[in-house]
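These notes are about the structure you will find just below.
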Amino acid sequence: MTPLKPLLIVPLLAFSVPLFAAPSPSQVSAPSSSTVSSAPGALKFIPRDGKGLSLKKAMQQLIPPGWTFDIAPDVRPPRTVSWKGNDQWNYVTERMLKKYQLRAITDTEKKHVRIERNTLFSPSQATPGTTSLQEKTAEKSANMPQPAHARTTWTLARGTLLRAGLEQWVAAVPCQAGGTWQLAWQNPGLNYSIDAPLHFTGEFRHALSELFRLYQDAQTPLYAAINSTQCVVHVSDRPGD
């Protein structure tokens, strides 16, 4: 069997290691190895698309029985919302909210969802005829040599689901071919909750490598492969997928 190569130096689609490795005492606290199926109602499947409902009525349809939700006071809900189904309720909800610059903070212990403004990925409010800070930064970065090790901090908050956290990570990483990286999660019925905050410092692939090393003894290990050309991180519970 060919030895696995570290994430930071792998060629296209060569990386395939379990996402979960037992942490050493010097590492940060690892996320829980319990799957989403251990949380009552967490695997509610949304089979169909929806549209034309208020945010409140949409959430009442999407969250599992026994769950509650509230909307932060500074949120101005859209008049109506729409969503794409054929996935687990939490991913349907996340994608729906993201369209309206909102996000869901999920507490699996209390079975509660709080809807807040998505300030992390909200569009810049540049006035006509001016250049936004984001555009200035991009222009400056394009004309300057990049540092060998970017000092970005990557976080996964307590209560976050692993898939949702990785989706936020990849959405923040520009792809050289245009757009941002994407996450291809092959098994929508399998997920893991983060029971303690995680913080990693460094460039994107280094953070992924450190995250994956935290979990190798999970009941159902996950495996990842990186397609650098298409900027896709593939995650599956079957090696080689």
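Glycine residues also receive a Cβ, built from the backbone N, Cα and C atoms like all the rest.
Listed in TrEMBL:
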| type | residues | note |
| --- | --- | --- |
| COMPBIAS | 121-135 | compositional bias 'Polar residues' |
| DOMAIN | 153-237 | domain 'Toxin co-regulated pilus biosynthesis protein Q C-terminal' |
| REGION | 121-148 | region 'Disordered' |
| SIGNAL | 1-21 | signal peptide |
Count up the helix, strand and coil residues in the domain 'Toxin co-regulated pilus biosynthesis protein Q C-terminal' (153-237) according to DSSP, in that order. 20 helix, 28 strand, 37 coil
Within the domain 'Toxin co-regulated pilus biosynthesis protein Q C-terminal' (153-237) only, compute the mean pLDDT. 82
